[in-house]
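Taken from TrEMBL, the feature domain 'RING-type' applies to 24-62. The domain 'PHD-type' annotation in TrEMBL covers 247-367. What TrEMBL lists as domain 'BRCT' is 409-504, 525-619. The region 'Disordered' feature in TrEMBL is assigned to 108-128, 379-403.
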Amino acid sequence: MENLRRFLNPLVLNLQKMELELTCPVCLKLLTSPTTLPCYHTSCSKCALTPTSKGYSCAICKSGYCSQDLRPASHLESIVSIHRSLSSTVSTMIEQQDSQINIHVAKAASHGTPESGNRSGVEEKSDQMKSYNPVASKLVYNQPTGPAFGNIDSVQAKDPAFENNAGAAAVAPMAFVRKGHSGSQSSDGPGDLDCDSNDLEGELMTSLSPLQTALKREANAMDDHTRELKKQKSNDQVQRQTNMASAWKCEFCHSSQVTECTGPLSHYLNGEPVEADQAWKSSVQHVHEKCIEWAPQAFFTGDTANNLGPELARASKIKCSVCGLKGAALGCLVKSCRKSFHVPCAYNVKGCKWDQENFVMLCPTHSSKKLPCERLKPKKKAKLQQPSSDIDGPNSPSPTPMQRAELWTASPFLTSERVICGSALIGHEKEILDQFECHTGITVTNTWSSDVTHVIANTDERGACARTLKVLMAILAGKWILNVNWLKACMEAREPVPEEPYEIRCDVHGSVDGPRSGRLRAMQQAPGLFAGLTFYFSGHFMPGYRANLEDLIAAAGGSVLEKAELSSTSLILYSMEAPPPHNNLDALETINKRLAEAQELATTAGCRAIPHTWLLDCIASCAVELNVSCSTA
């Protein structure tokens with residue numbers, strides 16, 4: 001009896017916790033036809049389609065949404081059904097246990113004790129229960145009506161130990177006994193829901209009555225029964241974990257299977273990894289590692305999955321060419337190709353070509369094309385000096401007179417002096433950079449580092465470049481930022497040519513002379529652009545984007561503060577980036593909210609609030625302008 005009680009108490013507690021998670025925040029009942037909102041909270045489908053004064057909005061985070069954004073959560077409907085079955089089973093077990101306890105307590109009360117005087121066993125039990133709050137009383141189940149005691153005459157046998165301790169048994173606190181004759185439930189506070197099941201068991205063990213002590217001296221069959229219960233409990237826990245893991249499906253490929261081509265199924269909250277015991281939360285995203293790696297706009301920084309939310313939103317609109325389900329983030333490298341795939345589906349398609357270094361692929365239709373990893377890299381000096389007809393592939397354009405001439409190979413001094421990095425280059429520009437690397441042996445890198453000496457950027461018809469992290473870092477470091485024509489001029493001259501004629505003068509946002517000003521500041525060894533300035537990030541920023549902004553601030557000589565370190569000279573940054581997915585009205589409302597929060601904090605600290613675009617404008621023009629208005633225009 002004691003072992004069964006100790007087994008049921010944590011089970012009841014965890015069922016209550018489970019019920020809280022499966023309760024609709026609108027109607028406060030168990031979920032009916034669960035529906036997932038765009039903010040990843042869940043409610044009943046009927047409740048989700050009940051409009052408020054401001055249209056449809058989440059009852060928890062107040063985020064607005066449209067009816068077409070709702071998605072059915074069929075896995076939660078199955079969990080609700082399992083919860084109902086478990087609750088019904090446990091209720092039946094508790095009622096059976098109560099009937100046995102009531103019979104024994106009534107039997108003991110009929111004998112009385114020296115301490116009880118003229119009080120009945122019922123009164124003693126009622127008084128004693130005032131000092132104990134049974135956890136089981138929180139579980140709602142049908143209670144028996146009528147007298148609390150069964151028929152005493154129905155008891156056929158007596159245990160000697162039980163007989164000797166009958167008086168003490170009448171006042172012993174039992175975990176599942178309810179107060180009074182009518183079977184009304186007692187109510188603890190809500191704080192009990194937060195206690196640990198182990199702590200709960202320890203609390204019950206400290207209140208052993210003489211009756212329970214006598215029961216513990218029974219035959220060794222009870223110990224065998226205990227071991228069986230523990231073994232069954234362990235097996236049930238393993239089974240529950242297995243069932244929960246199988247319920248998690250990758251939000252890209254909609255599969256719970258873990259194979260070599262998918263990698264492990266990981267759990268992320270706002271891009272940060274969480275452990276499996278926290279993965280049941282509604283806002284956690286379950287994604288295969290390989291599905292993230294091969295998603296074009298998502299990437300890892302350490303264990304953090306950057307840009308995961310926007311990439312999931314983008315993929316949710318794209319159907320897989322194999323299975324027809326949405327979530328197909330992986331597309332063919334050929335831009336004109338309309339085929340998209342889930343990563344596991346693409347691995348099962350014969351004829352696909354994979355570039356494991358650059359995480360791109362070619363579908364079977366375009367498998368004859370070359371992947372970036374197949375482009376020729378310099379191997380030996382003798383190979384570099386072969387005619388260009390041997391170097392270029394069959395799909396390369398006709399050789400120019402310069403290519404037919406003797407190729408220029410840079411001297412070791414020049415090779416070690418220059419490190420070139422491309423920024424936002426398109427197809428033919430990448431090919432020119434590859435040829436330059438092959439012809440000269442100069443180091444070319446895909447990522448920014450302090451060793452980079454030249455950034456080759458894509459430009460539009462006006463000669464303006466985009467604001468990439470590489471370009472902004474190069475401005476702060478005083479590096480050359482050139483267009484691709486400099487590479488052509490060097491290869492035609494077969495030697496390095498002056499960079500000034502090819503230096504980019506402006507960017508697509510209208511900032512002028514940033515690269516030149518950055519070089520002059522570096523030559524003059526001027527202080528960092530943000531030297532002496534301190535910044536605080538207010539409100540929401542995408543984790544990867546915020547990390548890039550922090551890197552720019554550090555490279556410019558500024559520093560990032562915590563909220564408690566704000567002073568009157570600090571600058572509070574708020575994001576002007578619209579949250580995905582969005583429409584213009586929602587985006588404007590979100591940005592206005594961020595602005596209001598930043599201005600309120602700035603007023604409290606006596607400092608200024610500025611949009612994050614101010615930071616980019618200052619770096620792009622290599623000049624700090626503090627006379628900026630805070631607006632959402």
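Glycine too: its Cβ is placed from the backbone N, Cα and C atoms.
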Kindly report the helix/strand/coil residue split of the domain 'RING-type' (24-62) according to DSSP, in that order.
4 helix, 10 strand, 25 coil
Based on DSSP, tally up the residues of the domain 'BRCT' (409-504) by helix, strand and coil.
41 helix, 19 strand, 36 coil
Per DSSP, what is the residue tally for the domain 'PHD-type' (247-367) in helix, strand and coil?
25 helix, 30 strand, 66 coil
